[in-house]
Ligand SMILES: Cc1cc2nc3c(=O)[nH]c(=O)nc-3n(C[C@H](O)[C@H](O)[C@H](O)COP(=O)(O)OP(=O)(O)OC[C@H]3O[C@@H](n4cnc5c(N)ncnc54)[C@H](O)[C@@H]3O)c2cc1C
């Protein structure tokens, strides 16, 4: 493949990776600057007398940085949502990602065509070779971006799930360049009446066609409606197909171009080895016994699954061996319920605090769909006392900090609350609340039963926070109908937990309602001695009298109002964290962008920044 124009082609291959290095280094620098800013804020927050609003920029340089950040956010957030049922997957990425893609495509188009389109005798061959190189150059990038133990993510401070969109788009781009490569050679052979001879004498052509066919297959069945038909089957065939493609690429390219192939293999092998190492490290114990919860296993973990509503299962995994930050997720593998499936779930509790739990358990909250989550729900319904053996891999993800913003708006739709609740609980459990002065929490679900468990925990966390001077409001929006789950109307009102419990679950005694929730925050999440129970009961009685206010809505929540109100009264920066489906995510993106633009954030009006963090729980 060295072929025609090999100097330029080599140079472009190197340039592609130099550009990548520069982009990663720049993002690392941005991360470093933001980290220093965060440390300064926290330092200032410890001395409120000297600086009551530590999240406001107070030097020319920090003001410049804040203005630039605000402009980048405003440009990158807007997203056009396709509100048509079954077609919402056609929703394009937010503007920021579209711009990134446009820049990427411009660079690739330049590489594909620079001094290649010359109408001479070598026209077909020159473009063919050039695009062979442009294609092969991108091959390692696809594997780099698909890594779960992701080096780029580690360097720039993001998770594998947030780089996955780029993996898909680079693969689609590579398909285009591979097609241009093949088309030009093929056309040349057709024009020279050479196709048959070429196929006979050059077996590498067949391997190339095979690799291209697999790439086409991966691109076509990678589109959302097909990919999500049976995601786990899709993953298995995708891995197998990609390895087959690598083998064919190896056979197709000449030796002097194989360094790019080996780079791709290195990324793949590193990722797999790291994942296996993590899996073994987190699921093997040399010591057994001794755990107060009897949950310790030599291989794997004891898993308790409890169905807490028609669509929700709470899974407790005992004796985990790792630390995590609130909002991170793990992959859960329970061979008995899905031998070849590992599913991502957010750890639905804040980081463990030393001495508060005897068995170091983590909790996951699973929404029932049609596959594994349905199987575990029905297992838990039929065997409420049984336990399972399962394996964890992770933790993965880079959730946002909760302590460096003055106001937090946490929006969780359905099990999206598993992402936002741990942030709230982390704030409630921390010794120092950092810069936080106000938190608005919104839970959205079709029925109250889906989120009852989250609301109760949020109230306890909210109580702890309000006692420390943080203003906290909890909003609950039930979108299914104008009626509560037991037929009582849920008019927009302000209420405490006893009203909610009475109107939603039919439970008349609020204390019982709280107690009956699984795994409440007692001194140990799994067992309770009588003394523990007494303590817990006393705490709960005390808590009920001071639980924070909950506002209920029977319609879709007005996200704009929810964000606007706290932003308009904030003296410092606001963080909006949203976790939910594509519609609520797009709405929130557009609201934040509009609000930031309308208020001319950091452009001389005094309006302060709005940071947005989005999680979608989907690939
Ligand atoms: C980072 C992350 C964190 C998540 N956290 C939670 C959580 O805390 N609670 C919760 O209820 N859900 C969470 N999810 C979603 C959860 O992983 C899927 O709902 C679950 O895997 C569905 O399994 P199933 O076999 O029952 O689904 P199916 O009925 O087969 O499919 C339902 C949907 O889930 C998707 N899905 C299926 N398997 C996977 C998989 N292995 N990885 C990703 N998506 C998959 C499918 O594409 C489809 O859109 C999270 C997803 C991600 C990516």
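One is the number of the first residue shown, and numbering goes on along the chain from there.
Note that Cβ sites are derived from N, Cα and C of the backbone, with glycine treated the same way.
Per TrEMBL, the listed range annotated as transmembrane segment is 95-117 (candidates: 49-71, 72-94, 95-117). Within the set 499-538, 539-578, 579-618, the record from TrEMBL flags 499-538 under the feature region 'Disordered'. For the transmembrane segment (169-187), the partner stretch with the highest count of Cβ pairs under 8 angstroms, out of 15-33, 95-117, 137-157, 207-226, is 207-226.
Listed as Cβ neighbours of the transmembrane segment (15-33) (distance under 8 Å, sequence separation of 6 or more from its ends, same chain) are residues 65, 107, 111, 137-138, 141, 152, 155-157.
With a threshold of 8 Å between CB atoms, the same-chain residues lying at least 6 positions outside the transmembrane segment (137-157) that come near it are 12-13, 16-17, 20, 24, 27-28, 31, 108, 111, 163-164, 166-167, 170-171, 173-174, 177, 249, 260-261, 263-268, 270-271, 274-275, 278, 396, 398.
Broken down by DSSP into helix, strand and coil, the domain 'FAD-binding FR-type' (295-402) contains 11 helix, 42 strand, 55 coil.
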